[in-house]
Structure formats: C-alpha cells, structure tokens
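Asker: Pasting the relevant annotations from Swiss-Prot:
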DOMAIN    48-191  domain 'SIS'
BINDING   63, 64, 65, 66, 67, 68  ATP binding site
SITE      66  site 'Catalytically relevant'
BINDING   82-83, 89, 95, 121-130, 155-157  substrate binding site
BINDING   89  Zn(2+) binding site
SITE      118  site 'Catalytically relevant'
SITE      159  site 'Catalytically relevant'
SITE      200  site 'Catalytically relevant'
DOMAIN    217-273  domain 'CBS 1'
DOMAIN    282-327  domain 'CBS 2'
C-alpha cells in the first residue's frame with residue numbers, strides 16, 4: 001500500500017477570491033435572515049404557534065433531500081424542548097409509514113419550491129386523515145402552500161450557490177424558522193433548565209441538573225486536629241491532593257478548614273508559620289453543601305464565593321465528603 005501524503009497547509013496557495021467568497025456567502029445568508037425577519041407574516045406565525053400549542057399528538061416533520069435533513073434537526077429540537085415530535089421520510093410514508101401518523105398529529109411539510117412530488121403525494125392522505133398541515137416554502141402560490149392550513153414563507157431571492165441550485169440559503173432560512181418556533185414554544189411552555197435536563201440526562205447539563213453532590217463527592221476528606229503543627233497541615237494538604245484540609249474539633253466535628261490561600265494569607269500577615277497551629281490558620285465556619293444539593297447549585301455557590309472545593313454535610317451536619325468544581 002502506497003503511503004498517502006497529506007498536503008502541507010502552509011505551502012498551499014489559496015486564491016484570495018475564495019476567502020472573499022466565504023465572506024460573501026456569510027453576508028448573503030445574514031441578509032436573507034434579516035429579510036425574513038422583516039417580511040414574516042405575523043398572522044401566519046401566530047396561527048402556526050396556535051396549531052403547535054393545541055396539537056394533542058406529535059408535530060411531524062417531513063421533507064426530501066436537504067429539506068429532509070433540516071426537518072430532522074427541527075424535529076429533534078422540538079422534541080428536546082418539550083414538544084413531542086418525530087421525522088417521517090415522505091417516500092417511506094407513501095409506502096406504509098403513513099401508519100405512524102394519527103389524526104391528532106400536526107404535519108410540517110418542507111419544500112422550497114412547494115412542488116416536491118414526494119411531499120405533494122402525501123397531502124391527499126393527510127387531508128383524508130384529518131391532519132392539519134403547515135407548509136414551509138419559498139413559493140406562497142405553490143401547490144403545497146394552497147393545500148396547507150398555514151404557510152411560512154422563506155422570502156428568499158436566490159440560493160447562495162452561484163448556480164442557484166444547491167440548497168443553501170433556503171436550508172439556512174428553514175432551520176432558522178424551526179429554531180424560532182422551538183424557542184417560542186419554550187417561552188409558551190415556560191420550559192426551564194430542569195425540564196431540559198429531563199430530556200438530556202446523558203449530557204453535561206442533564207448531569208449537572210439531575211446529579212446531587214452526594215453522588216459525585218469524594219468521601220476521603222483530609223483532616224487534622226486543632227493543635228496540628230504547620231508541618232502536619234502541609235503534609236495533609238499535600239497528601240490529600242485537594243488543596244485544603246479539614247480541621248476537626250475534639251469530638252471530630254468541623255471546626256474549620258485550611259486552604260492553600262489561607263496559608264499564604266496567614267504567612268503574609270504573621271511572617272512566620274513555623275510555630276503556628278491549625279486553629280490559628282484555619283477559616284472558621286466554612287461554607288458547606290448539604291448532600292442533596294444539585295451539582296449546578298454547587299457550581300453556582302462555588303463561583304459566587306470564588307472557591308473550588310466545598311465540604312459536604314449530612315442532615316446531622318456531619319462532614320461526609322467534599323466536592324470540587326470540576327468533579
């Protein structure tokens with residue numbers, strides 16, 4: 001097998017026009033979005049939002065080709081933000097998957113031209129089922145638009161593609177419309193971060209919102225007694241690898257903590273640490289977290305007080321562990 005040589009990016013010569021083309025494409029798509037915002041029919045959008053709010057089934061997206069890819073994304077966004085939704089391929093629907101659709105479902109059909117054959121073939125069956133239809137199209141006079149209960153027009157002059165063929169601007173506008181509908185429904189449903197986390201338990205946000213500090217805390221808390229020497233404190237902080245040490249009273253309860261910062265501040269104030277005890281260096285009544293505190297609340301508290309480690313306590317106010325902001 002011959003060795004494959006990758007081109008050296010530094011030695012490649014790029015026609016400056018290509019960079020100009022990139023800027024022009026971004027500018028044209030940005031202008032198209034601005035134009036859509038200015039020309040949108042508020043009455044049609046209000047009707048669409050009412051249809052979505054009152055839908056007792058699923059909001060089903062369908063589209064062919066690139067429109068289908070965008071439809072999948074819109075459906076995924078709706079589903080993850082509290083609006084039950086799925087995507088159905090129009091060709092597959094016409095060959096049996098119509099059985100997935102109930103009369104309670106709302107259909108959003110995507111076709112820039114409004115004349116996509118596979119989409120139009122679905123319309124008679126959907127009307128026979130009694131489904132409401134929303135069209136996203138660039139042609140308000142198209143067959144699809146005329147058969148829809150509500151029409152969201154793209155108001156697009158041309159595709160960004162120099163040949164005006166590849167779906168570019170139309171897919172950007174359609175995606176933006178989908179996001180706009182999803183965000184509007186988030187406001188309508190008062191969809192909060194906790195709700196979002198329920199649908200994203202495997203993601204970072206879901207973990208932070210659904211996980212308690214007790215689930216992730218470290219149980220081995222480095223500790224010293226009130227009369228511990230400076231040397232002992234340093235040894236426990238170093239061996240504990242937490243940048244802090246808990247100071248225990250005679251009954252084993254929490255008397256305070258000593259952090260790296262406490263040591264520096266004490267040294268700046270006193271000048272010498274050789275004869276200091278833990279009781280002299282510690283911060284009394286340190287911040288703590290109950291075991292049932294959610295991770296996101298712990299992070300907020302740490303950021304507010306500019307600390308990276310907090311001790312965790314149980315209902316009896318006994319220290320049971322510690323949690324770091326990056327755990």
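Placement of Cβ uses the backbone N, Cα and C atoms for every residue, glycine included.
Surface or core, plus neighbours and distances: that's what I need for these features.
Answerer: Under the DSSP three-state reduction, residue 63 (ATP binding site) is assigned to strand. Using a 10 Å Cβ-Cβ cutoff, residue 63 (ATP binding site) registers 27 neighbours.
For residue 66 (ATP binding site), applying a Cβ distance below 8 Å and a minimum sequence separation of six or more within one chain yields 167, 171.
Remark: residue 89 (Zn(2+) binding site) has 62, 68, 97 as non-local neighbours, by Cβ distance under 8 Å and separation of at least 6 in sequence.
When secondary structure is read from DSSP and collapsed to three states, residue 89 (Zn(2+) binding site) falls in the coil class.
Other C-beta atoms found within 10 angstroms of the C-beta of residue 118 (site 'Catalytically relevant') number 18, with every protein chain shown included.
Within 10 Å of the C-beta of residue 159 (site 'Catalytically relevant') there are 20 other C-beta atoms, taking all protein chains into account.
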Asker: By the DSSP assignment reduced to helix, strand and coil, which category contains residue 159 (site 'Catalytically relevant')?
Answerer: coil
Asker: Long-range neighbours only, meaning 6 or more apart in sequence with Cβ under 8 Å: which ones does residue 67 (ATP binding site) have?
Answerer: 110, 111, 112, 116, 167, 170, 171, 174
Asker: Taking only the Cα atoms, work out how far residue 65 (ATP binding site) lies from residue 118 (site 'Catalytically relevant'), in Å, as a whole number.
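Answerer: Counting only the Cα atoms, the answer is 11 Å.
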Asker: Among the recorded positions 64, 95, 126, 129, 159, which ones place their C-alpha within 10 angstroms of the C-alpha of residue 118 (site 'Catalytically relevant')?
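Answerer: Within 10 Å of residue 118 (site 'Catalytically relevant'): 64.
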